[in-house]
Amino acid sequence: MIQILLVIICLAVFPYQGCSIILGSGNVNDYEVVYPQKVTALPKGAVQQPEQKYEDAMQYEFEVKGEPVVLHLEKNKELFSEDYSETHYSSDDREITTNPSVEDHCYYHGRIQNDAESTASISACNGLKGHFKLRGETYFIEPLKIPDSEAHAVYKYENIENEDEAPKMCGVTQDNWESDEPIKKTLGLIVPPHERKFEKKFIELVVVVDHSMVTKYNNDSTAIRTWIYEMLNTVNEIYLPFNIRVALVGLEFWCNGDLINVTSTADDTLHSFGEWRASDLLNRKRHDHAQLLTNVTLDHSTLGITFVYGMCKSDRSVELILDYSNITFNMAYIIAHEMGHSLGMLHDTKFCTCGAKPCIMFGKESIPPPKEFSSCSYDQYNKYLLKYNPKCILDPPLRKDIASPAVCGNEIWEEGEECDCGSPADCRNPCCDAATCKLKPGAECGNGECCDKCKIRKAGTECRPARDDCDVAEHCTGQSAECPRNEFQRNGQPCLNNSGYCYNGDCPIMLNQCIALFSPSATVAQDSCFQRNLQGSYYGYCTKEIGYYGKRFPCAPQDVKCGRLYCLDNSFKKNMRCKNDYSYADENKGIVEPGTKCEDGKVCINRKCVDVNTAY
């Protein structure tokens, strides 16, 4: 009540320029009061569903610094998957899973009219809350808590008073990453971000809320849920230049206690969470990546930590995030940073550039948070896709996997539509009736790899060629306009002229792994080098305990080629005969990859050299 009275007094004295006040983001020392006026703005030809509470498109008008602002908003229809679920635990620790409806949600992306560089990430659940970029500057907006008033506060990041100025960091280290110099030499080959074209990819995410978070929010699952939705809506906005969508498929609350040992040692907690994901979560929930959100203060001022190149790996596609700020953009930036590591992005060096330094992959927290990825991040992500081929994000979900009611005229082909080519004025598809989103008379299809001149291609027509020995070509069925989902050769199928065996669509061989780690001239080291894995030493082992100082365990004699990988590096002035690579950030780096041939008829599985006929 006192807070409401202060706001009313402030508005009476300064109707357009606010005095210091506590808002959702914290204590704001300067803000402007605006009164957004809503104007419905459905796409041309679109029909609003009568049962919807939140429109698919909206428009708001207000003024900032005396300048008219027209904010166009479109619902983020890729924020949730259709099979979105929530799991919590009863007082007797029974697992309870529900599937709440999330189709009619209130989270939007947008832009400012007549500003091509503008962006916006807004929650419209109770007024407008979020941020927008106008004329290159980022503004925050949120409703003032005044009964029966449309008043909102608009302010900049620098107007938020930061209580904690101690430097904070990403927990990922880079002791053995590429040096600055090689990056510098390749900068001339880097394609500018605005010229890049990435195929659309989906990361299906599960967020786990640990017990410290449940306690912090006084067991208020609604508040936690809203907070996570707001953060992920902004994460999606950040990743738009990569054409990546982060779809929330599940939310889990550890109500009665943690299911792993969550400690302040970030590295140990991350490893434990990865092992739990591989042994538990993956067995009951389909997803690509999992995030543990905690309120436990992490060592070394760590805000987040993950495994570099970890995306799609069963025990490595995880991240640990500290809920350290009540500013949505701060949290979204940390999540985007850690997810970048999982996608192969390293910390930026002095040679990396973006529109306004620092960039998102800078190793320390930046105030205000960065808004752009660097040239290096784009280059590293592209190389990651080529090298690791992360299959879990390469295959997009089926249209029905993304939850949203169909809207005819929005140019998104959704469940229940035969086609959608936009408004009648904009449609250029000769097969589609833009007014109804139905196929025209005589047309069999309007989109898809197996659609040609409005007719479904004959059965057996190749629609996706085989990429390599471990891939298979896909062919049209004659019944559908869509190419069948990507399939691969069976595990254990010989590949690369019997140099290896197929494993989950790849042909992992030591030679290619050495080249990827060191240089194009690298080869596999002689057998004597692999005998070092019998030692159980710092650089020679098969398995190790969790943590930096974890004990190393030697390989059995028959398994020496399934532990650390040894290479002969023939690059200029090196000529190292038994070279291996170790990374504190990703302890799997430099280990012989699963499925690699270790002897004729044998492959590496769980760091053991086993018969290929019984391995799969």
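Easy rule for this one: first residue shown is 1, then count along the chain.
Cβ from N, Cα, C; glycine included.
Note that this is a predicted model, so its numbers are computed, not measured.
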Of the listed cysteines CYS376, CYS392, which one does Swiss-Prot record as disulfide-linked to CYS352?
CYS376
Can you tell which of CYS437, CYS451 is bonded to CYS445 by a disulfide, based on Swiss-Prot?
CYS451
Using the record from Swiss-Prot, pick out the residue from CYS454, CYS470, CYS483 that is joined to CYS463 by a disulfide.
CYS483
With GLU204, CYS392 listed by Swiss-Prot as Ca(2+) 1-binding, which of these, ASP288, ASP315, ASP471, is given for the same site?
ASP288
Sort the recorded positions GLU204, CYS408, CYS450, ASP471, VAL472 by C-alpha distance from CYS598 (disulfide bond) and give me just the closest.
ASP471
Return the member of GLU204, CYS419, ASP420, ASP471, VAL472 nearest to CYS567 (disulfide bond) in space, with distance defined Cα to Cα and candidates limited to these recorded positions.
ASP471
Which same-chain residues, if any, lie at least 6 apart from ASP471 (Ca(2+) 3 binding site) yet have Cβ under 8 Å of it:
ASN486, PHE488, GLN489, GLY505
Please report how many Å separate the Cα atom of CYS476 (disulfide bond) from that of CYS376 (disulfide bond), as a whole number.
39
Express the distance between the Cα positions of VAL472 (Ca(2+) 3 binding site) and CYS463 (disulfide bond) as a whole number of Å.
11
Consider the recorded positions CYS354, ASP420, CYS437, CYS542, CYS555 and say which one has the Cα lying nearest the Cα of CYS450 (disulfide bond).
ASP420
Long-range same-chain neighbours of CYS432 (disulfide bond), Cβ under 8 Å, sequence gap at least 6?
GLU418, CYS419, ASP420, CYS421, LYS438, LEU439, LYS440, ALA443, GLY446
Distance [Cα-Cα, Å, rounded] between CYS502 (disulfide bond) and CYS609 (disulfide bond):
15
Closest of the binding-site residues to CYS514 (disulfide bond), Cα to Cα, picking from GLU204, CYS392, VAL407, GLU414, GLU417?
CYS392
